[in-house]
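Shown below is the structure under consideration.
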Amino acid sequence: MYNSACSAAAGGCSEPERHDRDGLITHETAVAPVEHDYSGFDIVKATQYGAIARVKELIEAGWDVNQPDSETVTLLHWAAINNRKDIIKYFLDKGAIVDAVGGELNATPLHWATRQGHLGAVVLLLAAGADPSIRDAEGCSCIHLAAQFGHTALVAYFIARGVNPDLQDRGGMTALMWAAWKISALDPVRLLLTLGANPSLADHTHGNTALHWAILARNATAVSTLVLKGKANMEVPNLRGDTPLTMLQPHVGSIWIGSKVSDRIRELTQQSQRRNPFVRMTLDKRFRWWTMIATPFLVFYLAGLIFCADTLIIIKVFLIGCLYGVAQTVGQHLFDENLMALLPLSVYMATKLWFYVTWLTYIAPTVSFLASLAFLTCSAGLWVCFLKSWRGNPGVIQPTQEQRFRTIIELSERGATGFEPAAFCSACLVRRPVRSKHCSVCDRCVARFDHHCPWVGNCIGAKNHKYFMGFLWMLLVMCAWMLYGGANFYVQTCDFNMDGGLWSALVAIGSCNPWVGWVMGNALLHMSWVTVLTICQSYQVVCLGMTTNERLNRGRYRHFQAKGGKSPFNRGPLRNLFDFLECSCCGLVQPQRTDWMQFFEFDKHVEHEPLLRPDNFHSNYYPNDRPPPPPSTGSRRRRRPPNPERELAALMKSQAISAMLKSGSKMKLS
């Protein structure tokens, strides 16, 4: 809306803020001033180039700070569009009208600063009482401009300062609609949904929701975010009677949609076409959930029955193949996107259940009472650690909406550091403690994050890591007890010995009781990977003093880089162990008890250094032999804001021309 033409560079200006469209990363780099004689500059040019000494000289000489030019543009407009924060403060101190309307589109200085994405200027203007709800000549307020141009940090700051995320412009477009139509990155659509934007609202002109606009723009990121995260209604018709579902159905399977959205479209299509109770049952989410949970229990049992069948080996192999085919068919028709979240946990539960049945039915009569007692005691400890790991809080950082707003305001007004990814999670909108990480599976931030474990269906973090280690050790012992009990069963009840070699022993197992052998095989399989995982986890915790996430990504963390890739939290094996267990051994040692959910500052010299520095963020880097960019001097004809109706007509026209060209080429070929 307020596009500016650039004049020749002269010097003395600062590089405007840059915004990472994939998150709330705001970084402002100061450029060293270039020697220049500003004495001949008029007040407008001095403001544009940041020559504050010349500005003060002219104002003190009697220039009215509120005097507009021929297009009613004030000096505060020019200072705002060029992010001259010192000059903005000076003008405000001199009585500049903060909401002065000027220019062809009757916009305020806050509109101009928002259009350019200048968070620093916006903070100053709002602090001075600027009204972000004022609409320009096109009917857009500041939050609509910020969404149109993908300035996510500004969208967050406006909402945190009280702007309604569902505020509609003159045509009924909300910030969410603009972002879905214009911005192909994850934010600000995700941010707006997190802050409570309503995806079901429709504009006045076309009756389109945000999902309609995302589909018209073929914005795959916005479509998947609205459907999967925003749970947008796909059956809301616009004024033409088109629903998002009918608009997406021809594109099912296309690369730009994505598999998860395609699955959702197929599910809704099948639901609308269901005709009999069986189809309705297979589409029921609760029935699918129970099917995915029950399948490992049944497959384990049926496979054991096949091994126990008194028939030829070739028939057993055929039956195992049939069982695999049935399981595959069930999976294709009844399993959904939650499979990988449920299957490992269900496999573990099924294996443990059949361990109990086998021990009590076959092994308990052949071993001593103390052996069975030890097995059950180990199992009780396993259950405690498993429940703590599975259902316990791993250290989830759960802010209230008020805390989110407070964090956004604090980081916005901090200054040049802004929304650093090392200190702020743009998904949860929380200040990120040291050693924390956002889990992409659970979609939440976890303190002292280790990893997401599918076998317990939960993240492993600060509050449940020690229980997870106990779970691994107890599971390892239980598998070992199961192997001991099975071996003792075969020695006591079958003609079992290893004198004839491994093959004769396997034949004896198969002819005596294949079920116990099947269970022992599962115990040995699980024991192998549990042993490897237990050794890795113990080595990381005790010897390295780091988490799995830190070991994999230590090259990305500055506090690890400063130590040459070693953990700054490593206090030696013995202290690491006591710190991890939070155990004092009856007062013999003093563990370091740290609240990792509130641990925000590790080393100010390291942690507070901006992540995006001039030597690693090329967009803000200007070598000494290159002049800094010129200020925005404005053009007499500024580009109008994006108009959905006009752009939609242009899009339809281009598609029609493409279709005509394709048909014409086919006619020539024929």
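Note: Cβ is positioned from N, Cα and C throughout, glycine not excepted.
Because TrEMBL annotations are produced automatically, they should be read as predictions rather than curated entries.
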TrEMBL lists transmembrane segment for one of the ranges 339-362, 363-386; which is that range?
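Matching range for transmembrane segment: 363-386.
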Six or more residues out from either end of the transmembrane segment (289-307), which same-chain residues have a Cβ under 8 Å from its Cβ atoms?
316, 319-320, 323, 327, 330-331, 334-336, 338-339, 342-343, 346-347, 349-351, 353-354, 510, 514-515, 517-519, 522
Mean pLDDT over the domain 'Palmitoyltransferase DHHC' (420-553): what is the value?
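Averaged over the domain 'Palmitoyltransferase DHHC' (420-553), the predicted model reaches a pLDDT of 89.
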